[in-house]
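Read through the structure below, which is laid out as structure tokens, and then see the notes.
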Amino acid sequence: MQSFLPLLMGIMASASSVEWRHPVIWFNSKVVQSSEVVVKPGTSLELKCGGDGPVNWQTRLPKHKRYMSRSPGNLRTIRVARPTAEFTGTYKCFYSAWAQHRHLTSSVHVYVKDPNRVFWTSSTSLRVVRKEGEDYLLPCLLTDPEATDLGLRMDNGTTVPPEMNYTVYRHRGILIRSLQPSFNADYVCTAKVKGVEKTSKTFSINVIQKLRFPPYVFLEMDEYVRIVGEELQIRCMTHNPNFNYNVTWNYTTKSRVTIEERVRSSGENRLDIQSILTISAVDLADTGNISCIGTNEAGVNSSNTYLLVVEKPYIRLWPQLIPKLASQGLSVEVNEGEDLELGVMVEAYPQITDHRWHTPTSPSTSMQEHIYHARLQLKRMNAQEQGQYTFYAKSNLANGSISFHVKMYQKPIAVVRWENITTLTCTSFGYPAPQIIWYQCSGIRPTCNGNNTGLPKQNHPQALTVEVQREEYGAVEVESVFTVGLSNHRMTVECVAFNLVGVSSDTFTVEVSDKLFTSTLIGAAGVLAIFLLLLVFLLYKYKQKPRFEIRWKIIEAREGNNYTFIDPTQLPYNEKWEFPRDKLKLGKVLGAGAFGKVVEATAFGLGEDKDNTLRVAVKMLKANAHSDEREALMSELKILSHLGHHQNIVNLLGACTYGGPVLVITEYCSLGDLLNFLRQKAETFVNLVMNIPEIMENSNDYKNICNQKWYIRSDSGISSTSSSTYLEMRPSQQSHIEASGRKSLCEDNGDWPLDIDDLLRFSLQVAQGLDFLASRNCIHRDVAARNVLLTDKRVAKICDFGLARDIMNDSNYVVKGNARLPVKWMAPESIFDCVYTVQSDVWSYGILLWEIFSLGKSPYPSMAVDSRFYKMVKRGYQMSQPDFALPEIYMIMKMCWNLEPTERPTFSMISQMINRLLGGQDEQEKLIYRNVQPEQVAEGEACDEPKRYDPPCERSCDHEEEEEPLMKTNNYQFC
């Protein structure tokens, strides 16, 4: 047979010298007559191909080519001793040397039967990733020709999506046409062998959605200004749903440009590229447009900016006035009582470091990098406000000023006085300078200027108007003298003064009236009326002065829907809280309000150990406080003593009520209020959460320095740093203080980085504190991050600053009626119905959660408290999820913001939910910032429970039995 084949091929070659034929395929030495052959398990596979010229095989898998060999003549052989199901497929033979005969091919489909595998699938093809709209062939190759009903279904047993269109090919697999994102799922190929369904391995199909929009491209500034020789750095922020996009720059600059890209993946469906263009030293020729361009398969998007290069620093000032005043330039004339807005547009580089108006009115300024708009609002102007208004601006390298000259139109005022028996003088004030005209008429008349009297009138233009006095800013005084002629009749003389603004007149009766002292009496009555009005106004302003009101309320009893609140002034005061004044050393002021302040102090002998020293906070009144404020401070003292001790409220330690002003001694919280703490830690927190690589390179920009300066807000209560590592709220020997004082301040927990667990702990601790207040029948009414303090071990404690906050100057407190209220933190029933309950505290707690997980942002950002705000709250508007809130935390927020108070969770429920997020451990076990010093750990003292100072009220057994809490479903306080 082997010798016969070359002879046969030679005959075929000579016979086909005129016309070539399709190649011939032999399967196991037999000419293939059909399109399919079957290889039984355990047998070999041999395929030969021959033709009129050199031939070659095309196999399904490239690796099968290693089984090929060339035989004598124009023969090509594939020989596999023990083929597996992998060799199932279509084998195609073609002419390899003659391009004009490539179309002459022969093929055969080989089934390699495998009783254990009806389908052969490649492991590399099981995970399918394709773009939307593409076709894809699932390589489900049947190894058994007897298999029937080849099909496709989902791996979970359900049918394919109804919109999926596919075609079955027994020799190739299943072709899915026009892939869609809705096809994303796991699929299997199915077939029946002797009535039994067989399935292939699972194919996981992931269709990448076709991009429909170009990349997002953003440049921070519309214009950049630089001085010759300065460095320019422009950041272009871009993002795209996938990796298939690029960022380029278009610029006309002449200087050398370097471009750096920072790539970051934000989840599966977003790639961020920050492209940074840098010119180390700009030149005047670099002035021009610069564009950042992002390109993907959907198109192109760009953002443009302009570079202006100047030779030297500059400050340019232009006036900005409303259109009707713009033509007046810098000299502005307005009517009395009108509003005036003076505006200045400032262009400066480098940016201004200081700006001010030379006027007592507060300015408002909005600014970009080098363009500013400063405006001065003058409401209902009066004569005293006219004058020169100068705006000053300066930078490190330049300064400038611009002045407006504001003059006010004033209606003239005419006054006639009798100089002698024949002479009258009329004096008038106004701006512009008034003109004076005299009239006289017979009889006693209210006016001579008009025909309504029916009497003859005489005009005397010969009485000239003379300017007496002119001020630079103010009314012009003019005067006119009129000589009265002799007459036997009573006569009325009228002086009329007029200018562009208005007219004023005054009359004089030449013959003396019989009613003596009438003018005097009228004048006295007028003065008395003005005095009474002034007195009423001063009394009203006195009543409007801010009064301190303690926010916390204690419920005494409940009868049906009627609730009785305890008058805090009627609460008893336990004398055991008294502490000697001479053992209290006052320090710096930590916070101040309108009538009170909080100072840091050192207490000697406070507690059971009479030799210890303790840092405390002392609340006291200012010298200008009224009796109402003194009574309110005593009420606060009584409420704190009534509540008792809890780890998550600022506890009362003592008081001084005799021999001087009232002093309330409380725990000292060295890390200040939670709001400022979150804002101070925000930058490092974001860097840690986002895992930005640059944080290690630029760590000096973010880490806390031991001697860093902390700023004290007027409304923040207690916020300070300390040069001592004093144990927080624990008695300590002076020697221990000195030893620990030598420790690095960086060991303080205030310098530790902030993480998500810290935010969860703060949330849990505040909820536990509020749960304690609720159990003591106490409504807080001002739950907010500014009213939560942190100890140096990061334990959150609830407080109420009250006297120590200046709510008149705190933007968080909005005027509503006759009070200033924290509207953005208040529940709807508190805003609209003046109803305060534990449930309204729950609403406020939801706002506090939002503050915590937004790292100290103001709630309802960029939303003014106006009618639109009230409508949105009433309709159930809820803030979106904060940047760093877990979904479970945001769910708690939304539960707290339920419009129906009874549907809101209790603080106990909230504590349980947050505790589960922390791992279900007891809060005391969760606290990693334990209240111990490093020295104690070394000495083996860390395992001892620190002694707690028990307040006198706890030792006095005032509360022999815990009463059933009165707070049930709805406890209302009606205003």
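Placed from the backbone N, Cα and C atoms, the Cβ positions cover glycine too.
Per Swiss-Prot, the residue from the list ASN420, ASN809 bearing the note N-linked glycosylation site is ASN420. Here CYS236 is paired by Swiss-Prot through a disulfide bond, and of CYS189, CYS292 its partner is CYS292.
The 10 Å shell around the Cβ of ASN156 (N-linked glycosylation site) contains 9 further Cβ atoms across the protein chains shown.
Nearest to ASN301 (N-linked glycosylation site) in space, judged by Cα atoms and limited to the glycosylation sites ASN156, ASN165, ASN420, is ASN165.
Checked against ASN246 (N-linked glycosylation site), the glycosylation sites ASN289, ASN399, ASN420 differ in C-alpha distance, with ASN289 being the nearest. Fewest other C-beta atoms within 10 Å: among the glycosylation sites ASN246, ASN250, ASN301, ASN399, ASN420, that description fits ASN420. All protein chains shown were included, and the count of other CB atoms within 10 Å of the CB of ASN165 (N-linked glycosylation site) stands at 13. Nearest in space to ASN420 (N-linked glycosylation site), taking C-alpha to C-alpha distance over the glycosylation sites ASN156, ASN165, ASN250, ASN289, ASN399, is ASN399. Averaged across the domain 'Ig-like C2-type 2' (125-208), pLDDT in this predicted model comes to 91. In sequence order, the glycosylation sites near ASN250 (N-linked glycosylation site) (Cα within 10 Å of its Cα) are ASN289, drawn from ASN156, ASN165, ASN289, ASN399. For ASN399 (N-linked glycosylation site) paired with ASN289 (N-linked glycosylation site), the C-alpha to C-alpha distance reads 28 Å. Look at ASN156 (N-linked glycosylation site): DSSP puts it in coil.
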